[in-house]
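Student: Following this message is one structure expressed as structure tokens.
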Amino acid sequence: AALLPPPGGPGDAAGQELPVESRPFASYGSALHIALPQAPRAGQLLTLLIDYEAGEGPGVCWLSPEQTAGKQKPYMYTQGQAVLNRSFFPCFDTPSVKFTYSATVKVPEGFTAVMSATTWEKQKDNTFVFKMSQPIPSYLIALVVGDIVSADVGPRSRVWAEPCLIEAAKKEYDGVIEEFLVVGEKLFGPYVWGRYDILFMPPSFPFGGMENPCLTFVTPCLLAGDRSLVDVVIHEISHSWFGNLVTNATWGEFWLNEGFTMYAQRRISAEVYGLPYTCLEAATGRALLRQHMDSTGEQHPLNRLRVVIEPGFCLFLGVNPDDTYNETPYEKGYCFVSYLAHLVGNQSKFDAFLQAYVNRFKFQSITADDTLGFFLEYFPELKEKGVDSIPGFEFDRWLNTPGWPPYLPDLSPGQQLMRPADELAELWAADALNMEAIEAVDITGWRTYQLVYFLDQILQKSPLPEGNVKRLSKMYPKISKSQNAELRLRWCQIVLKNNLEAEYSKVKDFLHSQGKQKYTLPLYRAMWGGSEATRALAMETFSATAPQLHVNVQNYVKKILGLVGGE
């Protein structure tokens with residue numbers, strides 16, 4: 001490391017060599033200590049030059065050609081959240097520190113580099129120059145290098161993808177992104193990031209989406225062909241205000257990012273698609289929270305909004321592989337934000353509060369105390385009533401007590417879509433099928449989330465009486481032969497729960513086609529918890545697909561299958 005002279009001042013351009021030392025920090029990274037020649041003054045600008053090499057760590061993912069959609073060229077991407085970017089470049093790797101950045105990236109001929117930056121410029125010699133002019137936390141810096149191309153889908157949006165996916169990506173997202181951005185701006189205030197581009201990642205990308213500013217990364221599973229999975233994009237767009245602009249200062253209060261983003265996503269969805277559909281989507285989210293709490297036990301310490309992160313223990317994705325994906329900050333967080341809206345009792349007043357909240361804390365990193373303090377300051381009449389300490393609903397209880405949310409928002413507008421699905425699932429669970437009643441229900445007009453909700457009900461009632469699932473599969477090819485990832489996941493779970501051996505190949509095909517964590521782990525759990533035949537299927541599928549999975553996902557699956565080497 002070297003200390004460079006202040007810009008414009010005299011001094012040796014090469015700078016002054018400084019002693020550096022790497023010290024232990026945690027199981028996921030070490031601390032870089034640099035000794036300065038003299039103690040700096042508060043507010044003094046220092047220019048440090050650090051020469052380093054990276055690429056082996058968990059934040060940088062190198063894909064071989066077979067892990068991509070095109071299967072021709074390798075690909076690399078970085079994933080910073082939560083504390084992985086420290087393996088990509090030296091940084092203050094905490095969401096409590098925000099900074100601007102610039103980067104110059106030279107790549108081989110035939111490759112393109114893109115980053116989460118406000119400006120992007122290609123220079124000669126296949127060199128790309130990036131600048132992010134707004135301050136962001138370290139976890140939002142992201143880089144991709146691959147054989148990728150782009151297509152415009154709106155006045156400030158383009159899609160990026162491998163050449164073989166670009167047409168599908170353009171078709172799926174043409175015109176829709178701008179609509180979501182406009183509604184988001186109307187609700188939460190100006191969109192400050194300039195562009196909003198979407199990059200469709202290779203199939204092995206382990207997440208649904210990652211809200212890197214200006215350039216959201218998403219799973220190619222969103223290319224459903226019928227625009228039915230755009231809610232993931234609405235979620236990532238919502239992070240433009242909640243998470244990226246106003247950020248949790250510590251990962252122990254991740255619900256400040258995710259609970260507010262779920263609320264914002266559903267506000268945008270209600271404006272664009274109406275309340276019944278949004279309530280139906282929220283009901284599937286609630287079902288995921290229920291499944292999660294049933295499997296961990298409600299009193300598990302992760303099932304509270306404020307999680308104590310022990311020194312050396314980190315809650316977030318892929319850092320401590322014992323801890324897989326967790327619904328609590330998303331769905332319990334959503335319930336708490338909904339409870340705050342319920343206390344206000346007026347949607348447009350609460351919308352105005354959200355806009356004031358974003359404006360007050362933009363470009364800052366904050367704690368739940370900041371959020372709740374501002375809420376009570378903004379609504380003095382509520383503060384006077386002591387709404388923070390209503391018995392059973394105390395803010396402190398929301399934050400610090402594990403378990404099911406004390407308040408659940410009313411999802412009854414979704415009943416008009418849920419009731420027919422509930423009734424149809426009842427019919428299919430009967431010992432003697434009433435085919436006349438079943439045939440009287442026309443599901444051709446049902447939207448994806450209505451079908452998802454129906455399958456969730458079937459899964460809850462499984463195993464169904466002998467032969468019923470086989471008939472259901474035959475009757476609804478729209479479901480059993482669907483290429484939609486959300487439907488495929490649930491259909492595979494139903495096939496496994498009912499030991500429908502004739503369709504085990506669908507489970508294998510689905511796991512071969514993508515590596516998203518939320519789809520992959522539940523299916524391996526189901527296979528491992530099933531019969532000899534499903535355990536053999538799990539082992540066979542994993543040995544064939546392991547090389548195409550993200551290393552964290554590989555480790556999680558090894559753990560489920562009891563294989564040595566699962567960290």
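Using the three backbone atoms N, Cα and C, a Cβ is placed for every residue, glycine included.
Feature table excerpt (TrEMBL):
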ACT_SITE  Glu236  active site, proton acceptor
ACT_SITE  Tyr330  active site, proton donor
BINDING   Gln79, Gly80, Gln81, Pro206, Phe207, Gly208, Gly209, Met210, Glu211, Lys516, Gln517, Lys518  peptide binding site
BINDING   His235, His239, Glu258  Zn(2+) binding site
DOMAIN    416-561  domain 'Peptidase M1 leukotriene A4 hydrolase/aminopeptidase C-terminal'
Student: Count up the helix, strand and coil residues in the domain 'Peptidase M1 leukotriene A4 hydrolase/aminopeptidase C-terminal' (416-561) according to DSSP, in that order.
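Tutor: Its residues divide into 109 helix, 0 strand, 37 coil.
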Student: If one measures from the C-alpha of Glu236 (active site, proton acceptor) to the C-alpha of Gln517 (peptide binding site), what distance in angstrom results, rounded to a whole number?
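Tutor: One finds 17 Å between the Cα atoms of these residues.
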Student: List, in sequence order, those binding-site residues among Gln81, Phe207, Gly209, His235, Glu258 whose Cα sits within 10 Å of the Cα of the residue listed as 'active site, proton donor'.
Tutor: Glu258
Student: List the Cα distance (Å, whole number) between Gln517 (peptide binding site) and His235 (Zn(2+) binding site).
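Tutor: Computed Cα spacing between Gln517 (peptide binding site) and His235 (Zn(2+) binding site) is 17 Å.
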Student: Round to the nearest Å and give the CA-to-CA distance linking Gln79 (peptide binding site) with His239 (Zn(2+) binding site).
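Tutor: Rounded to the nearest whole number, the Cα-Cα distance is 16 Å.
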Student: List the residues in the vicinity of the Zn(2+) site, defined as same-chain residues other than His235, His239, Glu258 with C-beta within 8 angstroms of the site's C-beta centre.
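Tutor: After dropping the recorded site residues, what remains is Glu211, Glu236, Ser238, Phe242, Gly243, Asn257, Thr261, Met262, Ala264, Gln265, Tyr330.
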Student: Among Gln79, Gly80, Gln81, Pro206, Phe207, Gly208, Gly209, Met210, Glu211, Lys516, Gln517, Lys518, recorded peptide binders, what is the largest CA to CA distance in Å?
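Tutor: That value is 18 Å for the farthest Cα pair.
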Student: Could you state the whole-number distance in Å separating the C-alpha atoms of His239 (Zn(2+) binding site) and Glu211 (peptide binding site)?
Tutor: 6
Student: Counting other Cβ atoms within 10 Å, pick out the least crowded of the recorded positions Phe207, Tyr330.
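Tutor: Relative to the other recorded positions in Phe207, Tyr330, Phe207 has the fewest Cβ atoms within 10 Å.
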Student: Minimum Cβ neighbour count within 10 Å among the binding-site residues Gln79, Gln81, Gln517: which residue?
Tutor: Gln517
Student: Over the domain 'Peptidase M1 leukotriene A4 hydrolase/aminopeptidase C-terminal' (416-561), what does the predicted model average in pLDDT?
Tutor: 96
Student: Could you measure between Gln81 (peptide binding site) and His235 (Zn(2+) binding site) for me? Cα positions, answer in whole angstrom.
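Tutor: The Cα atom of Gln81 (peptide binding site) is 16 Å away from the Cα atom of His235 (Zn(2+) binding site).
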Student: How big is the Cα-to-Cα gap, in Å, between Glu258 (Zn(2+) binding site) and Gly209 (peptide binding site)?
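Tutor: It is 13 Å, counting Cα to Cα.
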Student: Measuring Cα to Cα, how many angstrom lie between Glu211 (peptide binding site) and His235 (Zn(2+) binding site)?
Tutor: 9
